[in-house]
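Visitor: Could you have a look at this structure, given as structure tokens, before my questions?
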């Protein structure tokens, strides 16, 4: 045998495309052997349905026509039983009868079209593949209904052009290699090539997204006469025609077919476009008309009534975009929640440049920003934070709400600038390198003095290489009265179990996270408009929330004054009163960001109180906070470099390590304000009644250089005592807590011990430390 014959004998036939494939190109994981190309084209999750559809059509077609091969050869050892003469004659008679029926259907179809041509009669049309029996059509329709319930792929509005006769089924039946035989006069060669890449976009999308087996019959005659009804495959029809009866209303062209895109409006309950009507309920109408062309054409137009509203089923790209938007917003809210939860501890741990920059910027929030190319697109910056990856420098992170009042949170300037660009230009493909040169901020609300955000936050400031520019560049805080609820309040409200007595009640169900993003969104309507009753309920809750915010503004002022935000003027004789805490245990009734418009933000006031206390107690750096530093470091596994392991500190705080007993707050002149402060405040400058002292020698500790046991918060040691303990235990072996105890790590029985690098830092050259890599 020749090499070509050997190669052809090794090839297998794909069940779908019926092409000879090498064994390595075949996949045997499904009910039929299929090639990798078909699996990649249809998708592994839908290939079984396509195989089942092809199987039903092959059975109804009467085995394999047009010289199609019967598929892969039988396995070795299986004998093929030859048909008897009687069975062969019966099969031949059945095939001949079916061919006559198909010719009759083709003649009737050409008579209906009114544009019969010799070329069309000579070449078999692509529609002859649809000659199914009634039983097969019913079975295929049932399978299609089941498939729609499983996958529910809403197709985009489809226009069936003049090449509808040459459109191919997704299972690739109807001719050699699964494609129909084009006639010489059926159009340009681009339309007759019939490869998946060169087929029309409408047919390709319909065959990929709207794959349904079975036929849709009963459509009226395009000519309006009483001739036979058209038989159109369902993958070439919009999904709205498959789920409900058609009415006789003439509809405007859908979006993308010459019609202008109007503003989307919510639909009433049960109307097309509502969430319960996806897929096309009764009321969605379609018209089928004929267009004068060389071949027959069927144009289906989908709409909702005569008002020009959007159809109930939107394209899958819109749905994917909305899903990605919800996921992005949820991730941004999670980052915001994490930032707020650990802000009090982590900010105090950061270097002085980082801390000062964050304090300065936090004192300016919230302030408005807009898109440079379209001034109607407004958002607001409401929070800042500093993040760092291991081995990297700190980088500024800002949280922006866009549109204003929507609850949509973006954790980067480039993200919000990209969304603004898409809303402005309707271009979803372009990405922006840096959002700071596309955003402008208003220095003072109402002044019209808009400046580039990149001038306020240049790259040197964003990486904390330089300080914030002068005061003439800083914006003034402005809280819009029409939407006073900031996303930080939504995050804190989601964690607050109840409102303290005497301070007003929380609304019954404040939407948080994704719920807030969907119910407060103003940028564009969701592709699934909410039910009118739900929207009315959410609107009522929003009004109640805003009214509650307005009523509690005075309470916030009293809380700030009574809770220690005026602590710089507090007498040094008594312990300072605790401020409203930040974090997951906060029960405040009013979010901190809804403070008076011209006053400092509560976060900035809290940090200024900490700085003031650090100046009073520390002979060293006046701006550092020793107690906050120690409390933030007490859960760190490294007493020297605690900032490198923030994850363990957070884990310890979640495991309940922070539930310390704290003295009750001092009496307040305003009843009802005392319950605002929880009783489980972590170890902080407000909770410590005295200065930090060494556990062994009881001497005052330096605010930045001392050893903290990560297991026992009260174990704090100065460097001299730690050095003596390390020498006594032996620096070359395991060195445990300087207290003499083997303090177990959080959540385990393993005792905590110094690392070799920590020992070397504490000893500072007094004793040669054995390196971990030394033999």
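Just so you know, glycine gets a Cβ as well, placed from its N, Cα and C.
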Visitor: Swiss-Prot tags one of 314-350, 351-387, 388-424 as coiled coil - which one?
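Guide: Comparing 314-350, 351-387, 388-424 with Swiss-Prot, coiled coil matches 314-350.
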Visitor: In Swiss-Prot, which of the ranges 83-113, 114-144, 145-175 has the coiled coil annotation?
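Guide: In Swiss-Prot, residues 83-113 carry the label coiled coil.
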Visitor: Report which of 526, 684 appears in Swiss-Prot with the annotation phosphoserine.
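Guide: Among 526, 684, the residue Swiss-Prot annotates as phosphoserine is 526.
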Visitor: Look up 198, 294, 636 in Swiss-Prot and give me whichever carries the note phosphoserine.
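Guide: According to Swiss-Prot, the phosphoserine annotation belongs to 636.
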Visitor: According to Swiss-Prot, phosphoserine sits on which of 601, 641?
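Guide: Residue annotated phosphoserine in Swiss-Prot: 641.
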Visitor: When secondary structure is assigned with DSSP, how many helix, strand and coil residues does the zinc finger (694-741) contain?
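Guide: For the zinc finger (694-741), the helix, strand and coil counts are 11 helix, 6 strand, 31 coil.
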